[in-house]
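Record features (TrEMBL):
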type	residues	note
TRANSMEM	B:43-60	transmembrane segment
TRANSMEM	B:67-85	transmembrane segment
TRANSMEM	B:91-110	transmembrane segment
TRANSMEM	B:117-136	transmembrane segment
TRANSMEM	B:168-188	transmembrane segment
TRANSMEM	B:218-243	transmembrane segment
TRANSMEM	B:255-280	transmembrane segment
TRANSMEM	B:292-314	transmembrane segment
Amino acid sequence: MLELYLFQILNGLGLGMIYFLIAVGLTIIFGLLNFVNFAHGAFFLLGAYICYTAVSLTGNFWLSLLLAPLLVAALAWVIERLLIQRIYHLPHMFQILVTLGIALIIQEASVMIWGPVGKSVAVPQLLRGVLVIGDFVYPYYRLFLIVFSALVGFGLWLLLERTRFGALVRAGSESTETVSLLGTNIFRLFSMTFALGAGLAGVAGVLFAPLRGAQPFVGPEILGVAFVVVVIGGMGSFSGALVGGLLVGVVQSLMTTIWPQGASLMIYGAMAVVILLRPYGLFGRA
Amino acid sequence: MSEKNPLPFAKTQSRSMLLLVVAVLVGLPLVLPSATLATEILIFAMAALACNLLLGYTGLLSFGQGIFFGAGAYCAALLMIHLQLGLFSALLGAALAGGFLAFLVGALAIRRTGIYFVMLTLAFSQMAYFLTYTLSDWTGGDNGLLNVPRPEIRIGDTVLMSLSDARYFYGFVAVLFLLIFIGARRVIASPFGSTLMAIRENETRAAAIGYDTRHFKILVFMLSGAVTGIAGALYAMLLHFVPLSNIDLAMSENILIMTIVGGTGSLFGSLLGAGSIVLLGEFLSDLWPRWLMLLGVILILVVVFMRGGLWGGFSSLFERIKGRRKPSLPVQEEQP
């Protein structure tokens with residue numbers, strides 16, 4: 001019984017790290033650009049599908065782990081340049097509607113390209129076995145998930161805290177005007193940040209693919225969860241996205257055996273309660 | 001847009017608008033291949049109109065419209081199936097259910113503004129969906145609620161009119177739509193409506209003048225919820241079925257998209273928006289199953305280039321033609 005709980009908690013941590021990767025992209029975009037991106041779930045979806053195509057063409061999961069996020073980021077960069085930059089000045093309401101439109105287009109395009117039935121992606125050869133410690137058995141891939149996401153998270157933290165780019169992003173989140181006045185091309189920074197956020201969603205999509213495959217209509221569900229995580233952790237907060245992601249992942253994972261719809265009910269309930277009682281989230285700043 | 005102008009011709013304008021609506025209501029079943037399709041348009045126009053009261057007139061972007069639509073559908077269906085209630089009692093029940101849920105959602109959501117308001121309506125929408133899914137003993141869960149009746153119009157035990165014929169049902173829905181349309185116009189023209197628009201333009205100012213803006217926002221939410229609930233109930237009667245998708249987030253999004261594409265700030269725009277999107281879906285879904293992609297494109301185009309929606313586009317075109325004929329009158333510029 002104890003092993004079962006441990007198993008579910010570990011699963012939850014893996015799921016939670018994926019949620020963290022999705023949410024942290026959303027939260028960086030919101031923090032710097034003050035932009036609400038409803039197309040974020042669609043970028044996740046694309047990551048999963050590009051992973052499927054790359055794996056079925058080359059048979060190499062690792063290549064897809066590199067390629068898919070880059071392609072997603074490139075697409076996001078183009079979309080940002082062509083469309084998103086025109087609507088930064090509009091109220092959030094219009095940003096939501098435009099990105100909702102983008103999400104619809106990406107989703108339907110994915111169905112057109114890859115078909116309405118989900119595609120499954122095999123776990124890479126290297127990680128196919130299970131870890132056995134005494135009575136406890138755990139698949140390698142899920143362990144890899146936790147470790148790899150943690151590494152990506154750490155890399156992102158380094159990028160944001162230790163590089164010039166990161167400093168600009170953080171400074172821009174405080175005051176876009178000041179950064180712009182100090183001579184930084186703020187629009188280039190915006191494009192790069194938007195692409196970075198989308199790329200992170202792409203990484204999450206690739207990591208998710210061997211677990212549940214690439215599903216065409218998973219975008220809104222993932223977007224919903226990402227918003228829950230971001231809201232619980234606090235909009236714009238890096239550590240909030242991490243704690244929120246892990247929390248939601250573990251709760252969902254523990255509840256799946258008992259009452260799966262209850263898990264969704266709970267996390268959205270928690271989201272509503274957090275907005276009502278602590279609108280800046282558990283880790284956000286007022 | 002026309003409602004916002006100072007109105008020297010208010011009376012005639014309002015009359016010609018009503019004539020236009022009546023003409024559309026009469027014309028729809030004649031032009032379209034089936035009365036069922038025409039009925040569907042009116043039902044969604046009702047929902048879009050209710051959404052417009054929130055979005056267009058009060059400036060509240062709600063992802064909760066699907067809750068009220070679904071609640072109306074389930075409530076009416078359950079009342080008719082389990083309590084054998086008649087047509088009007090079922091519709092009343094749906095309106096009350098939609099209005100009550102809108103009161104709950106509204107009262108909580110308006111405690112926050114901007115993006116947090118939107119997020120709250122989104123959270124409630126998802127909760128309503130999963131709750132409906134979970135209560136499968138009542139709602140049928142994933143399978144939906146089957147065998148929903150379409151009761152006849154009756155007073156006491158006398159049957160006045162059976163609605164089993166699609167054309168009669170259309171007639172009934174059209175009359176209901178006209179009443180709701182007139183009611184909504186009255187609301188907007190009333191001091192209550194002006195206050196809503198004052199909140200849309202600048203809530204702080206409206207509050208500073210002395211209006212309890214929260215009170216107004218809750219009331220308009222309830223009104224919107226009740227009308228959306230009625231639309232949901234009619235949809236259940238139309239299909240004889242309540243699918244789970246009636247209460248999901250996509251339903252909220254659809255209603256929003258219809259409202260925006262038609263044009264916020266014009267009630268006739270809602271009819272236009274619902275009509276064009278239902279028709280687009282009807283004619284394209286067989287030819288091109290991925291027509292939703294086109295919907296995404298239209299949504300983006302409307303927001304970026306034509307924020308007045310179809311109605312805004314038509315009326316500025318109309319103004320321009322009128323302006324050309326009578327060059328002495330100043331040409332009305334389209335509001336951004």
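Note that Cβ sites are derived from N, Cα and C of the backbone, with glycine treated the same way.
By the count of Cβ pairs under 8 Å, the stretch nearest in packing to the transmembrane segment (B:43-60) among B:168-188, B:218-243, B:292-314 is B:218-243. Counted over residue pairs 6 or more apart, the CB atoms of the transmembrane segment (B:67-85) and the transmembrane segment (B:117-136) come under 8 Å in at least three pairs, which marks the two as touching. Residues 3, 14, 17-18, 21-22, 25, 28-29, 35-36, 38-39, 42-43, 45-46, 49, 53, 57, 150, 153, 161-162, 196, 223, 227, 230, 234, 237-238, 267, 271 of the same chain lie 6+ residues outside the transmembrane segment (B:168-188) yet bring a C-beta within less than 8 angstroms of a C-beta in it.
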